[in-house]
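These features come from TrEMBL:
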- 164-179: compositional bias 'Basic and acidic residues' (COMPBIAS)
- 158-188: region 'Disordered' (REGION)
- 225-258: repeat 'TPR' (REPEAT)
- 259-292: repeat 'TPR' (REPEAT)
Amino acid sequence: MAPKLSDSVEELRAAGNQSFRNGQYAEASALYERALRLLQARGSADPEEESVLYSNRAACYLKDGNCTDCIKDCTSALALVPFSIKPLLRRASAYEALEKYTLAYVDYKTVLQIDNSVASALEGINRITRALMDSLGPEWRLKLPPIPVVPVSAQKRWNSLPSENHKETPKNKSKETTKSRVPSAGDVERAKVLKEEGNELVKKGNHKKAIEKYSESLLFSSLESATYSNRALCHLVLKQYKEAVKDCTEALRLDGKNVKAFYRRAQAYKALKDYKSSLADISSLLQIEPRNGPAQKLRQEVNQNMN
């Protein structure tokens, strides 16, 4: 016989989490509901705790295919703590299951404003974009509801959370899921269009949005070296040096003579104070283009930093 739970919100939530892990979604939902009732009966404002409980119960509903109640609970969670990633992702999944693709797209895009490396949101955008192109045609973007602008405070709050809160949306997971298959001609064409949209955003100085476009492009086709080196440039501007190194490395895997990738990775290594690696990339670049002026200047700067 299971031990009787005390009237503790924390214990009820922990028990709900355990039931969820065991695949007992109805039982977990009931435990989260008890915790919610108890929390609300106290009359003390704890929006963070209440939001988590709504979001957790929404996850149970989603697992059981109850998309309507999942959406309601996610909306309640977001009313308490706006721009929380988990309820946004769960609501997007529910909208997608109900074929409400425009609403799903808005939620996935909102997540990517908060953290543009969330793998499940990138994959969701890939699926939804295909569905919207098929159902609404080339002008599908004009038929979307407004996408909310995420305040910087929400981004900072997410980035400051402990790592266990990121488990559902791993930041370091590979973002491109098409590497294992050969893209179709249609995929390649869509990838080119999205890359060009990214290039236009770079010209306008909107590097964060450009990263999203390049990431979408890579979901359709991850075989073009320039898309990675272009995204690396955006990471450099945003001082995301480790991400820039990763993108340049991928670009060079596809094209070992990508001069821009060598130069940008050298810049990123310099910023990370890995001067030896920076000089190695500059040397490789100068073997391809011996008279490359910016590379020669960068080599002088790195050598000065080493002295």
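The backbone N, Cα and C atoms fix where each Cβ goes, glycine too.
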Non-local residues, at least 6 beyond the ends, that sit with Cβ under 8 Å of the repeat 'TPR' (225-258)
117, 191, 195, 198-199, 202, 207-208, 210-211, 214-215, 217-218, 264-265, 267-269, 271-272, 288
The predicted model's mean pLDDT over the repeat 'TPR' (259-292) is 94
